[in-house]
Structure formats: structure tokens, C-alpha cells
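Note sheet for the following structure.
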């Protein structure tokens, strides 16, 4: 952080509210060239505790819907990826499931964020949950009828993932309206822990249901839970703190968001790191079904191994969530991101070397810790780099960066696994992660 940023922080009175930027312009309410960029160490130590947030009149309901939505997402992803391994022998087609879950978000996140800034955000969240229920019901019906082929499964997975493009920016914009600025970092940690708790619950539920009843029932449960979460949103009394943007058309709102990102160096740094980091992280997840198959000697327990590996990723993330405050006291955001990126690359190399499922599970615990540490740090940095009236659009750009890296990494290294084999592809992914960390660390400092 610059000396100017430190002096501004020191001179602020205790009663002065925190701002995402230290100076303002007539167009967006901030100075785009301002060098201020809030670091984790600037976050007030008086931020609300998780216990206080969970006693908030609105946040627990919103958080519960978020948790349920993410459980459904991971359940569907696991079921689709596993079903694909039974429909085709192509490693590329298996990895393309991950591409089809991320590509819709990349393509539609910015329109979704613009919509979230110009319409009622609760209605947008409600529409996303209803769309998820409809898409899951279609997947369940197709699976029950035996009509699923590999190309059709990709198409339906793509359609189901379109809801995420609206749900994530809407939720990211609603949370700062519900909690105070001092409580926002804690709320973001809780949101990240919900995502990773769902990464444990979703795969475990999906693995058990696939083993006992079949993949179609996973999609049916996803449809039911999505409808239940929609009902919770319908009964929620939403009182928006930020009025809808008066930008006008959807195109104008999108253009304004892009213009802000082009002139905001702090946001550009967050976006660049998001693309690079999640290319490696998502590619690892995309290759997990193949890793589980490689560990399944008799062909009977692959689904359970896959679910356990996926769940270990979430458990590692949940575990480190309780220690993030220690990292924040000792390291800067940049230090956390670089260390987490290197750690993930080493975990990928260990997955390539592992010959035992239990060892791979232990490695995934560490990978999950790196995932949350880096992802949470980038998310907090993105939130505080954005003004309220552009928050949904800015967070949609952050989401696009995450999904662009994820979709590209899954497709690229899925193809590498087809051409070179699984283990060489994992070694190549690990080396790529280290190279990107070096390149991004030199050019973009968070």
C-alpha cells in the first residue's frame, strides 16, 4: 500500500465511514486514477463476528439460500461429470463438462450484472433459482428416459449453468446492502465457507445418490431444493439500500461497467490474477473424474472416490476459513495470493505423482485451503475496488474473469490429457501455474 493510502487511513476519524475509493468524480462517484486500493490489513478489526452476522435479521436467510444454491450446483456438476464418464471414453468430453459449467457464466455474467444493477435484485435472484429448477428437471427427465447422449448432456449442462451468470452478481450486490461495511469482509468469508461447505455436501450427496439410485435422482433433488430456495426468497422482505441504476438501457449499463474496469488499475489486477489462478484450479477440478477412475482398480468405487476427492477440496477450504485472520495479520493480499498459487501448483504436481486414493485425498485438502485463501482475498479486493452503483457489474466482470480462466483451463488441459495422458497433463498444468504466478506477480500487485 502506498504512503498516501496509509496517511489517509491514519487521518480518518473512527466515525468516518469506509469508502471503496478515497476521492470522487462526477461520472461514477470516484476518481478512477486514484492509487488507493484497500488491502486486507486495512479492514477494520472491529468487523462483526460470524456469530453476530448469523443473528442478523436478513443475512441468515440470504446465506441459507446461497448455501442451498451452491449445494445444488455442485451436486449437478458432479452428477453430470460422472454420467459423462459412462457415456464416452473421451477425456476431452469429460473435461468439457467443466467448460460447459463455466462458459455460460463467462458469456452472460456482464449482462447479468447489468440487469442486477438496473432491476430489483431479489427478483433476479428468484428468477435464477427458478431457472435452475427447470433445467434440473429437464436433465432428470432425460436421464430417466435414457435419452442422454454425450452432446446432449453438454448442451443441458450449459443451459443449467446459465442461472449462475445472474445469481452470482446479484448475490454479490445484495450482501453489501444487507450488512454494514465493517461486517462485509466477515460476510464474504462466510459466503466463501458456504461455497466450500457446499463443495463438501454436494459431492457427498451426489456420490451417495448416484451409487444407490442413479444420476437422474441427483437432478431431481436439485430441482426440488432450487424450488425450496426460491420460496424462501419469495417470502423475504427485501429493502434495497441502493436504488436501481438510472443508466437506462442494458447496453449502456454494460458499457459503463467496462469503461470503469478499463480505467481502474486495482480492478485490472484482480481480474488478471483471477484468470490465471482459476485456470489452474478449475482444470484440476475438471480432471478429478479421470483421477478417480485411475485410482479405481476394480471399477466399482470410482464414484465414491470422486465424491471424496471433491469433498476433501471443500473440507480444506472450510478449515482454512477459520485461520484466514492469521494470514491477514502476517501477510499482505499479494503475499497470500502468490503463496496460495504456488501451493496449488505443487498440489497438482503431487496429484500427478500420487498412486493412492488416500494420498490424493490429503493433497486435495491442501488444494482446498489454497483455493479459499486466494479466492477469498481476490473477492474482498474486488468488492472494495467498486462503488455501490457499479458493484453488480464490477462483480460480474470478476466472475467473468474466474470463469474465463476456468473454461479455458478445463478445455485446454482436458485436451492435453487426451493427447499426452493424464499424468503428463497434470505436470503441464502444474508448470503452467508456476509460470503464470511469476508473470502475474511481476506485473500486477494486489
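The backbone N, Cα and C atoms fix where each Cβ goes, and this holds for glycine too.
The stretch that TrEMBL tags with transmembrane segment, taken from the ranges 237-258, 303-324, is 303-324. In the predicted model, residues of the domain 'Major facilitator superfamily (MFS) profile' (58-445) average a pLDDT of 85.
When each of the listed stretches 62-83, 123-142, 178-197, 422-441 is scored by C-beta pairs under 8 angstroms to the transmembrane segment (95-116), 62-83 comes out highest.
Per-stretch counts of Cβ pairs under 8 Å to the transmembrane segment (123-142) identify 209-234 as the leading one among 148-166, 209-234, 270-291, 336-354, 397-416. Stretch with the most C-beta contacts under 8 angstroms to the transmembrane segment (336-354), considering only 178-197, 270-291, 303-324, 397-416: 270-291.
Beyond the transmembrane segment (422-441), the same-chain residues lying 6 or more positions past its ends with a Cβ under 8 Å from any Cβ of the stretch are 91, 272-273, 276-277, 279-280, 283-284, 287, 290-291, 294, 334, 338, 341-342, 344-346, 348-349, 351-352, 409, 413, 416. Only pairs six or more apart in sequence are counted, and the transmembrane segment (270-291) with the transmembrane segment (148-166) gives fewer than three Cβ pairs under 8 Å, not enough to call it a contact.
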